[in-house]
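Colleague: Mind having a look at this structure? Questions to follow.
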C-alpha cells in the first residue's frame with residue numbers, strides 16, 4: 001500500500017514537470033546555452049533593488065532612473081514573485097555583441113525634491129541595483145586585500161555612496177551615474193558564434209560637464225568617445241541635489257577561457273570551504289559519540305536485560321525486577337492529545353519528504369541559481385504533493401491509537417500547520433505592502449497559493465489518509481493494562497523539561513555551523529549552492545535526532561516512566577528553540593537592520609523556519625523512539 005502512495009505521488013510530480021516546466025531540454029546546471037554572432041543585440045534587463053539593511057526589495061523604476069519608451073515585465077515563476085523579483089527591460093540598449101562602446105548617454109534627468117529624497121534614502125540604506133544579461137546577474141569584482149590575486153563578487157552595484165569633500169565636515173550623497181560594463185564571452189573555435197560567460201560592472205560617480213545648451217547631439221567634456229576620454233575614477237563625483245544628472249555607460253567585451261558550462265563557478269566559488277569541512281567533522285564527532293552510546297545500550301545493556309528477563313523462572317522474581325520491563329503493560333498506552341500528535345507526525349513526514357526530494361534535485365543541478373526562484377517553487381510544489389504521505393502517516397498512527405474519526409484528523413493534518421504559517425505570512429505581507437515594496441506578494445499569487453493548498457494538497461492528504469486508515473494496524477508487541485501504572489518520582493536529571501531541553505542541544509550542534517551560511521545567503525543576499533555539504537549535514541541531523549531520542553527514551557523507560565510518546569517528539573524538536581535563539585544572536589551580531597518593520601520581517605520569517613524545524617526534527621525523534629520501543633518489547637517474553 002505504501003508503494004501505491006509512492007506511485008500516485010510520482011505520477012502527480014511527473015505531471016507537474018510535464019506541464020509546468022519550460023519545454024526546452026535540460027542542460028545541467030541551469031538552462032540551455034544561447035549562441036550570439038558578432039553584431040547581435042543583447043538584452044539587458046533590470047531587476048529589483050535590494051538592501052541587507054532593510055530586507056525590503058523595490059522595483060528598479062521605483063527610483064527616478066532613466067526609463068525605456070515602454071516598460072515590459074518579464075514572465076516570472078512562483079518562486080521569483082515570492083522572492084520579490086521584478087524583472088523588466090532596461091534603457092541600456094546599445095549592447096551589441098563583441099562591439100565595445102564608450103560613453104553612451106542614457107538620459108539627462110533634472111531631479112525635483114521628491115526624486116532627490118528618494119535617491120538619498122536608498123543611498124542611506126545601502127541599496128544595490130541588480131541587472132541581468134543572458135540569465136547572468138550583474139556583479140562588481142572586488143579584490144581581497146588579504147589574499148593575492150583573489151577576487152570576490154558583490155551582487156549588484158550600490159545606488160550611490162556617502163562622503164565628504166576635502167576640507168568639509170558635511171556629509172554628502174553621491175550617485176553612481178556612470179557604469180563601466182564588462183561582458184566576458186567564450187568563442188566557439190569551430191564557429192563564428194560566442195557565448196556570454198560573465199557580466200561585470202564598475203560604478204562611478206561623475207559630474208558630467210558639457211558646453212552650451214543640452215540636446216541630443218551634445219558632447220560631454222568628461223566622457224568623450226571621439227577624444228578617447230574615458231571615466232576611470234570618481235574624482236569629481238555627482239552629488240544628489242535638485243539639479244541635473246547625466247547617466248552614461250561604457251560597454252567592453254573581453255574574450256575568456258571560461259566555458260559556458262562553468263560560467264557560474266566564479267559566482268559560486270566558496271573561499272571558506274575549510275569551515276564547511278570543519279562543520280562536517282564537528283557533526284561527525286557528535287554522531288560518533290551518540291552512536292557509541294546507542295551501540296552500548298543496544299549491544300550490551302539491552303542484550304543483558306533481555307537475557308535476564310527471559311531467564312526469570314517465577315512471577316515473583318519478575319515482580320522484584322526493576323527497569324524498563326516493568327512498564328510493559330503501559331508503554332503502548334495512547335498518550336493524552338494523541339490526535340494532535342498524529343497531526344504533527346504527519347506534517348513532519350510531509351516536511352521530511354519535501355526536503356529530501358528537494359536536496360536530490362538540487363544535487364542533480366535542476367535547482368541551480370541560474371534557475372531563479374526554482375528552489376522555492378520546487379519546495380512549495382513538493383510540499384503540496386507530499387500531502388499524500390502526511391495523510392497516510394497521520395491516519396496510520398491515529399488508527400493504532402484506536403481513533404475512529406479519521407476524517408477529522410485528516411482535516412487537521414491538512415490545515416493546522418499551513419494555516420498557522422499562512423496567518424504569519426499574511427501578516428508579514430501586510431507589513432511589506434505598507435512599505436510599498438516589491439516583496440509584497442500580489443493578490444493573484446496569494447490566490448494561487450491558496451488554490452495549491454485547498455485544490456491539491458488537501459485532497460491528497462485525504463487520499464493518503466484513506467489509504468492509511470484502510471490498511472490493517474500492526475499489533476503492539478505487548479498488551480496494554482486496563483489500569484494505568486503510577487509513575488514514580490523522577491530524579492531531577494530525568495525531569496521532562498530538563499531532558500527535553502538537553503535533548504535539543506546535540507541536533508542543533510550538528511547543524512549550527514552550516515546554519516550560519518544558510519542565514520548569510522538568505523539575509524545578506526549571497527548565493528548558496530553547496531548542496532553536497534548540506535545533504536551530508538541533513539543526514540547527520542537525522543541520525544543525531546534519532547540517536548539522542550533513543551538514548552533519552554531508554555533512560556526514561558529504565559526509570560519506569562512510560563509516558564514517552566510526546567517526550568520523544570519534543571526531545572529532538574526542542575532543537576528548534578536553539579535555532580530561533582541562534583537566529584536572534586545572528587540578528588544582533590551580523591546584521592545591520594535598524595528599521596522596526598525589517599526586524600519584524602526577520603523574526604517573523606525565522607519563527608516560521610523554527611516552527612518547520614521543530615516539526616521535522618520532532619518527527620524524526622518520534623519515529624526513532626517508536627521503532628526502538630517496539631524492538632525491545634518484542635524481544636522479551638511477557639507472561
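Any Cβ shown, glycine's included, is placed from N, Cα and C.
Those TrEMBL annotations? Automatic predictions, nothing curated.
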Colleague: From the ranges 446-469, 470-493, pick the one that TrEMBL records as transmembrane segment.
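Modeller: So the range that TrEMBL calls transmembrane segment is 446-469.
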Colleague: Per TrEMBL, which of 310-338, 600-628 is transmembrane segment?
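Modeller: Matching range for transmembrane segment: 600-628.
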Colleague: Could you tell me which of the ranges 249-268, 569-588 is annotated in TrEMBL as transmembrane segment?
Modeller: 569-588
Colleague: Sort out the residues at least 6 away from either end of the transmembrane segment (341-367), same chain, that have Cβ-Cβ distances under 8 Å to it, and list them.
Modeller: 26, 28-30, 335, 374-375, 378-379, 382-383, 386-387, 389-395, 397-398, 401, 403, 409, 412-413, 416-417, 461, 531-532, 534-535, 538, 565-566, 569, 612, 615-616, 618-620, 622-623
Colleague: Of the listed stretches 373-392, 413-434, 500-524, 600-628, which one has the most C-beta pairs under 8 A with the transmembrane segment (277-299)?
Modeller: 500-524
Colleague: Determine which residues of the chain contact the transmembrane segment (446-469) at the Cβ level, with the cut-off under 8 Å and only residues 6 or more beyond its ends counted.
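Modeller: Hits for the transmembrane segment (446-469): 1, 4-5, 8-9, 12, 78, 346, 380-381, 383-385, 387-396, 398-399, 406-407, 409-411, 413-415, 418, 422, 426, 429.
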Colleague: With Cβ distances under 8 Å as the criterion, find the stretch in 373-392, 500-524, 530-557, 600-628 that has the most pairs with the transmembrane segment (413-434).
Modeller: 600-628
